[in-house]
């Protein structure tokens, strides 16, 4: 019968694999070892964050980032992320404190804790005048948190790892330093010959993202020549 066949099949499998390997019962609770708990050269730790695991136990997972001479990771990059996490929790609670969350968002966007409007105004960042004019035409008069956090390290040529929610200006965050440098080079070499090799290469994982990156660079700097290259099209 079918039941007898299954019993025989289970017996054969158990005899080959071993019953002890099929049913393993831990003799004592297993604890997770948070990575990079002890100080290590070349790493800087971020504040631990609680995560729930199976069985009700919890562990503190500590994120870390390389802090080499030419690399940087700014705590300002994660300031907005903490606010978005707060927004999610407020939605779960029914949204009673949405106004409080919006006030905190406005404080960050207005430069709260890191400078005022004058400091974040694009006209006071040392950007080329024609770049400032095109940004202002698009309604961009001051930087968002992610843009503020990466601007100086990017202009210094340092490696950056940052994260922010969709729609918070991540693409323009790295596009502004690129446009600034290319514009200044063009102004210093007005008589240089055309037909040079590409000076900047931006890699994107998808065709749609590649098009988006080109748009974000081309709109504030129409005087620069950009080319979007992708495959998969007949």
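Even glycines carry a Cβ here, placed using N, Cα and C.
Per Swiss-Prot, the features are as follows:
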BINDING   164, 165, 166, 167, 168, 169, 170, 171  ATP binding site
DOMAIN    151-234  domain 'Helicase ATP-binding'
MOTIF     120-148  motif 'Q motif'
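Structure with Swiss-Prot features highlighted.
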| residue | record | contacts (Cβ under 8 Å, 6+ apart) |
| --- | --- | --- |
| 166 | ATP binding site | none |
| 167 | ATP binding site | none |
| 169 | ATP binding site | 143, 144, 146, 147 |
| 170 | ATP binding site | 146, 162, 164 |
| 171 | ATP binding site | 212, 213, 216 |
What number of additional C-beta atoms lies within 10 angstroms of the C-beta atom of residue 164 (ATP binding site)? 21
Can you tell me how many other Cβ atoms are located within 10 Å of the Cβ belonging to residue 168 (ATP binding site)? 18
Residue counts in helix (H, G, I), strand (E, B) and coil for the domain 'Helicase ATP-binding' (151-234), per DSSP? 36 helix, 2 strand, 46 coil
Excluding 164, 165, 166, 167, 168, 169, 170, 171 themselves, the ATP site's Cβ centre has within 8 Å the residues 144, 146, 173
Please count the residues of the motif 'Q motif' (120-148) that DSSP assigns to helix (H, G, I), strand (E, B) and coil. 17 helix, 2 strand, 10 coil
